[in-house]
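Heads up: the structure comes next, in structure tokens.
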Amino acid sequence: MIQIQDLQKRFGKNEVLKGIDLEIPAGGIYAVLGPNGSGKTTLIKSVLGLVIPDKGSISLSGERIRNRWRYREALNYLPQIANFPGNIRVRELIGMIKDLRQKRSEEAALIELFRLQPFLDKKLSNLSGGTKQKVNLVLTFMFDSPLLILDEPTSGLDPASLLSLKKLIRKERENGKTLLVTTHILQFVEEIADQVIYLLEGKIYYQGTLSGLLEKTGQTDLEHAIAAITSEKQDA
Amino acid sequence: MLKILKYSFYDLMRSRWSYVYFLFYLLLGLVLLFLNQDLSKAVITLMNIIIILVPLIATIFGVMYFYNSREFTELLLAQPLKRSSIFLGQFFGVAGSLTLSLVLGLGLPFIMYGLVKSDVILNFSLLILTGAFLTFIFTGLAFNIALSNENRIKGFGYAVLLWLFMAVIYDGLFLLSLIVFEEYPLDSFSLAATVLNPIDLSRILILLKLDISALLGYTGAVFKKFLGTQLGFLISGGVLLLWTLLPIWRLTAKARKKDF
């Protein structure tokens with residue numbers, strides 16, 4: 001699904017990605033983990049074409065993405081902070097994205113799922129953070145694409161919506177989709193992820209199953225495993 | 001690109017600012033006609049205002065819109081859209097709606113006053129056309145500044161400085177150089193210096209068409225000789241077009257390489 005070779009990116013003096021090689025096969029849920037500033041968002045944004053890498057190549061389904069844009073038709077992206085234009089209504093925003101993508105969409109069921117009906121005619125600037133995130137989720141999940149990239153999908157969600165989100169993610173996996181998820185909520189990772197990709201200081205520290213990570217670090221749960229990696233790095 | 005243009009345009013048409021500008025120009029047109037009681041005199045006064053004000057409004061509005069629509073831009077960038085169409089769409093949306101405010105706001109009162117049947121219609125059209133050019137040029141420059149400056153305060157500062165330079169400081173330096181080098185023949189220098197600044201070029205172009213270049217004295221005669229001819233007119237038009245296209249070109253080139 002996604003092939004990344006020797007991906008490098010620096011912002012000014014800050015070297016964020018230091019040569020990432022990554023292969024993500026189609027199907028399944030991949031959690032991208034790592035401490036703050038380890039390059040998770042930059043990695044995801046490179047795949048999306050929002051960040052232009054300095055070196056290396058990214059291919060999606062065998063096609064290199066550099067200077068292309070049509071490949072984005074086959075992916076849905078959930079941005080980290082739901083930054084929407086404030087002066088338009090939820091209904092208009094959904095309509096606009098549908099118009100721009102010209103793709104079959106199933107927003108009605110999602111609006112129902114996240115109980116967004118009362119907010120449809122409200123302006124986005126008047127919504128709370130959690131509600132904005134729900135709108136964000138509707139926009140991401142309403143199209144049927146083989147690849148979904150979710151940047152911190154759980155932020156601001158109440159427990160009921162969190163349950164709906166997990167259900168939604170599992171359903172997408174059953175349909176054979178590939179999901180790339182970044183999060184700091186480890187419990188969420190333990191529940192849904194098939195594989196973890198652990199980024200540390202711009203490099204891939206580990207890619208594999210969750211149990212493999214526990215084995216590698218000699219810990220019994222994910223929280224301690226990650227703490228162990230971080231402190232090990234600091235001691236070195 | 002057309003869809004982005006549609007949404008930007010629609011977005012702007014709903015915002016208060018478009019109406020403010022429209023009403024401002026409407027009021028300006030009405031007041032000028034009322035005070036001058038004469039179409040051709042009103043056109044001359046209008047020129048002086050347009051030459052200074054249109055670039056200022058386009059600059060400020062361009063920068064403001066670019067920064068304010070950052071969220072919208074980020075949302076669009078993750079969609080299957082070409083980068084250049086996103087930015088071009090927004091640019092034409094802003095420049096188009098500003099031009100519409102200008103054309104309607106000034107056009108309506110003048111038409112009501114009997115512009116169509118008068119002999120200044122050509123001059124008036126040239127004025128509006130120049131105004132449209134200036135709107136596109138300065139919106140383009142403003143977009144370039146905003147794209148290159150992540151920091152809004154800096155971006156605003158540079159944009160205002162650019163306007164100040166083009167509208168005021170440039171002329172000052174120009175005059176100063178004329179005085180310092182008065183011993184030398186300066187015809188071609190002053191001609192070149194005028195052509196290089198879109199505001200000056202527009203002013204001279206309109207002045208010449210209004211046939212009041214005699215007011216400019218000897219320099220006026222030189223300008224008339226160059227710009228008054230068919231060739232001069234074409235060259236000036238070409239330079240204005242170049243001034244419009246260059247910022248657009250840089251905008252797309254820069255946008256292609258930028259990280260978001």
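Cβ atoms are placed via backbone N, Cα and C, with glycine included.
Just so it is clear, the model here is predicted, and its values are computed rather than measured.
The transmembrane segment annotation in TrEMBL covers B:20-36, B:42-67, B:87-112, B:124-147, B:159-181, B:231-249.
Note: the stretches the transmembrane segment (B:159-181) and the transmembrane segment (B:42-67) are in contact (3+ CB pairs below 8 A, sequence gap of 6 or more). Through the fold, the transmembrane segment (B:124-147) approaches residues 39, 43, 46-47, 50-51, 54-63, 66-67, 87, 90-91, 94-95, 98-99, 102-103, 106-107, 110, 115, 155, 158-159, 162-163, 198-199, 202, 205-206, 209, 240-241, 243-244, 246-248, 250-251, 254-255, 258 of its own chain, all at least 6 residues removed from its boundaries and within a Cβ separation under 8 Å. Here the transmembrane segment (B:20-36) has Cβ contacts under 8 Å with residues 42, 45-46, 49, 57, 61, 98, 101-102, 104-106, 108-110, 113 of the same chain, all six or more residues outside its ends. Beyond the transmembrane segment (B:87-112), the same-chain residues lying 6 or more positions past its ends with a Cβ under 8 Å from any Cβ of the stretch are 1-9, 11-13, 18, 21-26, 28-30, 33, 39, 42, 46, 54, 57-58, 61-62, 65-66, 69, 73, 124, 128, 131-132, 135-136, 139-140, 143, 147, 248, 251-252, 255.
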